[in-house]
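A short write-up of the structure that comes next.
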Amino acid sequence: MPVQGSQRSLLGAVNSTPTATPHLRPAANQTGPQCLEVSIPDGLFLCLGLVSLVENTLVVAAIAKNRNLHSPMYCFICCLALSDLLVSVSSVLETAVLLLLGAGALAAQATVVQQLGNVIDVLLCSSMVSSLFFLGAIAMDRYISIFYALRYHSIVTLARARRAIAAIWAASILSSTLFIAYCDRTAALLCLVVFFLAMLVLMAVLYVHMLTQARQHAQGIARLHKRQRPVQQGWGLKGAATLTILLGVFFLCWGPFFLHLTLIAVCPQHPTCSCIFKNFRLFLALIVCNAIVDPLIYAFRSQELRKTLKEVLLFFW
């Protein structure tokens, strides 16, 4: 079943979102109820993209500089930062082009603008897909390091990590190109949504299992030292908080965008769904926010990486 033409270019739909000041306001629909629409100005969108761009560039530079960080785990973290970097680049590039076109500073033929939009859409979509892939890869790497600790270095070798990374990038580019080409097909939308749900379930299962195992390990240590309750409760709260942050940030930042895709597939003309469609730009902004938060969760918690990051900053300073 084809999707309605008004939603044909999903990632390009941001082009039709008018610039406005940030506020929460009701937007009346001619045939449906009032809608709450959060308008994201181009300036704010551009600032978020630039912050993410700088942050993830520093992560990639720090990992590339320090040979001690050239391990499979940090390779996955570096690729996640690179994916988030591409999300930022595509967002900044698209917003900048729109601002220049709107101001009349950039004159281009409609066909050129359309081709540029398609390139940006493929870049943005492939970076999103690869980002989800690498989040899942990091979860699997951590799972293996905990449950197969003695065999970890024989299972997760640098050569295998490189092959996995190459396969992820190839799959991301191919699937994104197909998605942009067939974005007017419901099957294409649902495939992307199923992929997101699969990554969400994978991460939830792996991290919950890791939390359970670590909690049992902490209980065993506590029993040996005859102080079970305080250690057990304290560690349990810390582990639960970490798990909540990991999965909560992932769901809150990515969930609305994939809800948008789901609703386009199942109710493109329903008034309530149309209200949600109005916030498409907000959903993209949340993905850019995720690109800002990812380094804080996965990269900057490493003492070795923070030390190298300081050296990189001092070099440029």
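In case you wondered, yes, glycine gets a Cβ from its N, Cα and C as well.
Per Swiss-Prot, compositional bias 'Polar residues' is recorded for 1-20.
For Asn29, the entry in Swiss-Prot reads N-linked glycosylation site.
According to Swiss-Prot, the feature region 'Disordered' maps to 1-23.
For 1-37 (among others), the entry in Swiss-Prot reads topological domain 'Extracellular', with the evidence type sequence analysis.
Under DSSP, residues within the topological domain 'Cytoplasmic' (64-72) fall into helix, strand and coil as 6 helix, 0 strand, 3 coil. Sequence annotations record features per position, and here Swiss-Prot assigns topological domain 'Cytoplasmic' to 64-72 (among others) based on sequence analysis.
Taken from Swiss-Prot, the feature topological domain 'Extracellular' covers 94-118 (among others), and the record attributes it to sequence analysis.
Regional average pLDDT for the topological domain 'Cytoplasmic' (141-163) in the model is 91. Per Swiss-Prot, topological domain 'Cytoplasmic' is recorded for 141-163 (among others), and the stated evidence type is sequence analysis.
As annotated by Swiss-Prot, topological domain 'Extracellular' applies to 184-191 (among others), with the evidence given as sequence analysis.
Under the heading topological domain 'Cytoplasmic', Swiss-Prot lists 212-240 (among others).
The helix, strand and coil residue counts that DSSP assigns across the topological domain 'Extracellular' (267-279) are 7 helix, 0 strand, 6 coil. Summarising the annotation, Swiss-Prot assigns topological domain 'Extracellular' to 267-279 (among others) and lists sequence analysis as the type of evidence.
If you look up Swiss-Prot, you'll see 301-317 (among others) marked as topological domain 'Cytoplasmic'. Remote same-chain residues near the topological domain 'Cytoplasmic' (301-317) are listed as 58-59, 61-63, 65-66, 68-69, 74 (criterion: CB distance under 8 Å, separation of at least six residues from the stretch ends).
Cβ atoms under 8 Å from those of the transmembrane segment (38-63) belong to residues 17-25, 69-70, 74-75, 77-78, 81-82, 84-85, 87-89, 91-92, 95-96, 98-99, 279, 281-282, 284-285, 288-289, 291-292, 294-295, 299-300, 305, 308-309, 311-313 of the same chain, restricted to positions at least 6 beyond its ends. If you look up Swiss-Prot, you'll see 38-63 (among others) marked as transmembrane segment, on the strength of sequence analysis.
Look at Swiss-Prot and you will find 73-93 (among others) tagged as transmembrane segment, backed by sequence analysis.
The transmembrane segment annotation in Swiss-Prot covers 119-140 (among others). For the transmembrane segment (119-140), the list of distant contacts is 9, 11-12, 73, 76-77, 79-80, 83-87, 89-91, 93-94, 97, 164, 168-169, 171-173, 175-177, 179-180, 192, 195-196, 199, 202-203, 206-207, 250, 254, 287, 290-291, 294, 298: same-chain residues at least six beyond its ends, Cβ to Cβ under 8 Å.
Annotated transmembrane segment per Swiss-Prot: 164-183 (among others), in sequence order, evidence recorded as sequence analysis.
What Swiss-Prot records for 192-211 (among others) is transmembrane segment, and it gives sequence analysis as the kind of evidence. Listed by sequence, the residues of this chain that lie at least six past the ends of the transmembrane segment (192-211) yet keep a Cβ under 8 A from its Cβ atoms are 129, 132-133, 135-136, 139-140, 142-143, 146-147, 179, 239-240, 242-243, 246-247, 250-251, 254, 258, 261-262, 265.
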Worksheet item: Taking a Cβ cut-off under 8 Å, which residues six or more beyond the ends of the transmembrane segment (73-93) line up next to it in the same chain?
Response: 45-46, 48-50, 52-53, 56-57, 59-60, 63-64, 120, 123-124, 126-128, 130-131, 134-135, 137-138, 141-142, 145, 156, 158, 161-162, 165, 168-169, 284, 287-288, 290-291, 294-295, 298-299, 302, 305
Worksheet entry | For the topological domain 'Cytoplasmic' (64-72), sequence-distant contacts whose Cβ falls under 8 Å of one of its Cβ atoms, 6 or more beyond its ends | 78, 141, 156-158, 160-161, 302, 304-305, 308, 311-312
Worksheet entry | Outside the transmembrane segment (241-266), six or more residues from its ends: residues with CB under 8 Å to it | 3, 7, 10, 132, 135, 186, 189-190, 192-193, 196-197, 200, 203-204, 207-208, 211, 273, 276-277, 279-280, 282-284, 286-287, 289-290, 293, 297
